[in-house]
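The transmembrane segment annotation in TrEMBL covers 80-103, 115-134, 146-166. The domain 'Phosphatase tensin-type' annotation in TrEMBL covers 213-390. The domain 'Tyrosine specific protein phosphatases' annotation in TrEMBL covers 302-359. What TrEMBL records for 397-536 is domain 'C2 tensin-type'.
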Amino acid sequence: YKKFSDELPSYNGTASKTPVLTTDHKNVDLNNRKASMNGTEMEEVKINIVDGKTVQEEFPEYNETDVPFREKVRRKVEHIIFRLFTVVLIITDCILLIVDIAIVDKPNEQEIFDILALSFVSFFVLEVCVRIYAHTPQAFFKNIYNTIDFIIIAISFALNVIAFIVDIAGPAKLFVLGRIIRVIVLIRLIRVFYTEPHNIRKGARNVVSENKRRYRDGEFDIDLTYVTKNVLAMSFPSSGRMAVYRNNIKEVAKFFDTRHGSEHFKVYNMCSEKGYDTSYFHGRVGRYPIDDHNVPTLQQMLDFVRDVENFLNAHENNVIAVHCKGGKGRTGTMICAWLVYSGQFSTAQEALDFFADQRTDKTVSDKFQGVETPSQSRYVEYFTTVVNELNAEIPLKVELNLLEIKIHGIKTVGNGDGSDLNCQIQIDRKTVFNLDFHYCTNCVIKQDIEKDVLSVTPRNCPPLIGDVRLKFNSRNKSVPKAYEKCAFYFWFNTSFIEKNSNSLRIHRNDLDNPHKQKTWNIYGDNFAVELFFKRN
């Protein structure tokens with residue numbers, strides 16, 4: 001089996017100016033930001049060739065224009081509903097078999113049970129044949145669960161046929177032999193307790209991962225995507241109950257050990273909410289805690305990309321895997337930072353589009369599986385500025401006094417006058433100030449009904465500096481609460497507020513939560529939050 005890091009294709013998307021992605025990020029020039037491979041500039045190509053085959057021929061799961069019939073069949077037989085239906089049939093079959101053994105004691109009463117048993121086992125034979133076709137025999141029998149399943153079904157079918165022949169054509173004295181055979185056929189209960197739970201777990205994981213691109217071969221089926229040849233995105237490596245529907249940490253560890261070698265991979269955990277036993281990954285786990293649906297600090301982003309650079313440069317076969325919970329938002333934010341830092345893309349939008357395209361399996365559905373939270377995209381933009389214009393140096397912190405908050409398009413939100421809202425201000429993830437618009441706590445409220453604008457003047461608000469979040473909560477039940485269980489929120493960094501305007505206006509589409517189209521019956525197209533500052 002060829003090492004995947006040597007084979008996996010470069011991006012074959014539709015974005016303009018798409019470079020070939022390289023495993024060698026040595027000598028990256030942050031000024032001209034041209035990625036290099038073995039000392040030469042990379043050429044612009046659209047299809048990568050692997051051993052004489054195109055990307056789609058070598059890796060069918062990466063072909064988003066044509067879904068083979070075999071792949072469609074695989075998705076059907078692996079769907080959790082079909083697997084649960086199969087389990088019900090197995091249990092029903094076993095119950096009938098036990099009833100047959102326990103109650104039926106005359107040859108002439110046996111025929112109905114024989115017909116039922118043959119019907120059930122014929123379905124199981126058909127089902128396993130379809131799975132063999134869907135996976136291909138080579139891939140199917142590589143999996144120990146599939147192999148055991150096949151053996152049990154084959155033995156059950158043979159014994160059922162023998163029992164049927166004995167009962168129909170054999171003399172009465174062979175009736176006892178038929179009963180013994182039926183007892184042996186109970187081995188199919190192994191499917192209920194051993195092989196089918198594995199298939200159900202696989203179906204559950206497919207449901208949870210939705211249309212995120214997965215790594216599949218005969219041995220592994222993991223929510224894991226090769227974003228580039230040496231950068232992987234995946235969901236949380238879990239244990240216990242969570243492993244039923246997310247990546248099993250033991251399976252993930254085995255994947256890296258067998259596909260990339262125990263010395264040539266490093267895992268990065270972006271979850272602030274949970275960790276795991278890092279010994280599964282030989283202790284090579286980088287931790288950059290970020291809250292779900294929130295942003296990393298610029299320093300975290302810079303520390304991350306420098307650590308990735310050091311590890312990838314240490315050996316040509318090294319790969320990294322980044323994960324959060326679902327392997328999408330926080331994971332994508334940090335991977336996009338790396339794509340920009342390493343010179344593979346010159347703009348944040350190119351990197352964001354590329355990650356989304358790689359992570360999304362459009363043959364399953366068109367649901368977006370990239371960086372969705374606007375604040376996260378904003379921080380990729382910030383980091384791109386740091387790399388392109390500041391030579392990868394974090395800018396000096398700027399201290400700003402918050403003079404006024406204006407909320408445009410307020411009349412369709414909650415009470416329509418802002419009286420249901422309160423605002424929490426955080427600096428570096430710590431709450432420093434609270435405002436309540438109904439009770440005028442720490443603020444003065446003024447509404448311009450004609451212009452549909454609510455003006456809020458804070459009182460005694462501490463200076464804002466660095467990474468700042470404004471989180472707006474609503475007491476009105478008609479206002480949808482999504483991420484952070486609030487109405488809307490957003491992050492910004494004070495160092496990126498333009499000196500000329502000393503203001504920041506964030507439109508509905510760039511606010512976290514109102515960016516979702518399903519909320520637009522509440523948040524109109526004119527909805528926006530505008531902040532005004534004074535520099536110290």
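Including glycine, each Cβ sits where the backbone N, Cα and C put it.
These figures come from a predicted structure and were not determined experimentally.
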For the transmembrane segment (115-134), sequence-distant contacts whose Cβ falls under 8 Å of one of its Cβ atoms, 6 or more beyond its ends: 70-71, 73-74, 77-78, 86, 89-90, 92-93, 96-97, 100, 140, 146, 149-150, 153-154, 156-157, 160-161, 163-164, 182, 185, 188
Counts by DSSP class (helix H/G/I, strand E/B, coil) across the domain 'C2 tensin-type' (397-536): 15 helix, 67 strand, 58 coil
Summary of DSSP states over the domain 'Tyrosine specific protein phosphatases' (302-359), given as helix, strand and coil counts: 38 helix, 5 strand, 15 coil
